[in-house]
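Before any comments, here is the structure.
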Amino acid sequence: MEVIARPPLSRWSYRHVLDLAAFSQEDYATVLELASRFRALPMSGPRRLPALQGRLVTTLFFEPSTRTRSSFELAARRLSADVQSFSPASSALAKGESLLDTARTYVAMGADVLVVRHRCAGVPAELARDLEAAGCRTAVLNAGDGLHSHPSQALLDLFTLARHFNPETPTLEALAGKRIVIVGDVLHSRVARSNLWSLTACGVDVVLCGPASLLPDAFAQFTHAPPPGQAQDLVAQRGSLRIERDLDRALEGADAVMTLRLQQERMKEQLITSLEAYHQRYGLSHRRLERCGKSVPVLHPGPVNRGVELSGELLDDPSRSLVEEQVRNGIPVRMALLYLMAASEPASSAAGLS
């Protein structure tokens, strides 16, 4: 129980986590601190904490998912929450029920947290507004909505980088002043958008790289603007953002590289000439990373297209690839989010209303 002694709930003010636009540096520090404590738990023997015993976490995924859904469900179970999974194919949606009525059904069953993924941007926020209008105290956690946001992925990426730069003390100070390159299909990536918010807010200099068809110039303005009344920063500087079209130039002086999947299922037209040509210009390999001048780590939110975003040899190199570490870190980070959201709220009634 020591891992959750004196939890930082007094520093947490969000019922819902829909994106990271309002997050202050203190909010990021709170998540990293709690994730570090959960990450320190032994991986053998009893793995459950009673922190969310009696709570119900419902995962509403309207898009396919391996890592995110499994990670959230494992995180909830490790906190002793009950877990309820939703499958669109076997739900009343096929009979014409609205998404809101489906969500209200799960709230009526006692859901304390709805973890929502949807192909359309704004759906989790709309659900949160509608549930609040109905007087419901159920929290909504965005697990990815269209091209908009994927906050838990950005938080686990932040945690992974902080642990890499300072394994003993993975704090914001470990990130400040670092240079991170994000390369690939930024246009269709909710992960990239969330990482731009989190990284620049925490003092990281970001270099975006990709072809103009997948990285419009407008992204140069996509930085974190501190919300009004934000608490005093924990690190002095805020990160910068620039676009570089040439990958070899972008990699010079980088401290880490994140590559993004080509999301061809979201492309309405041909945006690249071929996968081979894309890999030649923007794919990562050991040889290309020599441009960094040091042994830099590689991240990828998954799923990975081997031989497209990065070579199979690089993906399988444990001295360079942090991809599996990202997966491992997803569990304690999502434990932290669920704990902060659910433990700070009174358990919902059977009807899910306050």
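For all residues, glycine too, the Cβ spot is worked out from N, Cα and C.
According to Swiss-Prot, the carbamoyl phosphate binding site annotation covers R67, T68, R117, H150, Q153, G302, P303, on the basis of sequence analysis. Per Swiss-Prot, L-aspartate binding site is recorded for K95, R190, R261.
Positions of the features from Swiss-Prot, shown on the structure.
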residue : record                           : Cβ contacts under 8 Å, 6 or more apart
R67     : carbamoyl phosphate binding site : G302, P303, V327, G330
T68     : carbamoyl phosphate binding site : F61, R117, A143, G144, H150, S152, Q153, G330
R190    : L-aspartate binding site         : G144, D145, G146, L147, H148, S149, H150
R261    : L-aspartate binding site         : G184, D185, S189, H300, P301, G302, P303, V304, N305, E309
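Neighbour counts of Cβ atoms within 10 Å were compared across the binding-site residues G302, P303; the minimum falls on P303.
Taking every pair among R67, T68, R117, H150, Q153, G302, P303, the residues listed as contacting carbamoyl phosphate, the largest Cα to Cα separation comes to 16 Å. Comparing the binding-site residues R117, H150 by how many other C-beta atoms lie within 10 angstroms of each C-beta, the top residue is H150. Using a 10 Å Cβ-Cβ cutoff, Q153 (carbamoyl phosphate binding site) registers 26 neighbours. Listed in chain order, the residues near the carbamoyl phosphate site other than R67, T68, R117, H150, Q153, G302, P303 are S65, T66, A143, G144, V191, P301, each with its Cβ within 8 Å of the site Cβ centroid. According to DSSP, Q153 (carbamoyl phosphate binding site) sits within a helical segment. Mapped onto three states, the DSSP output places R261 (L-aspartate binding site) in coil.
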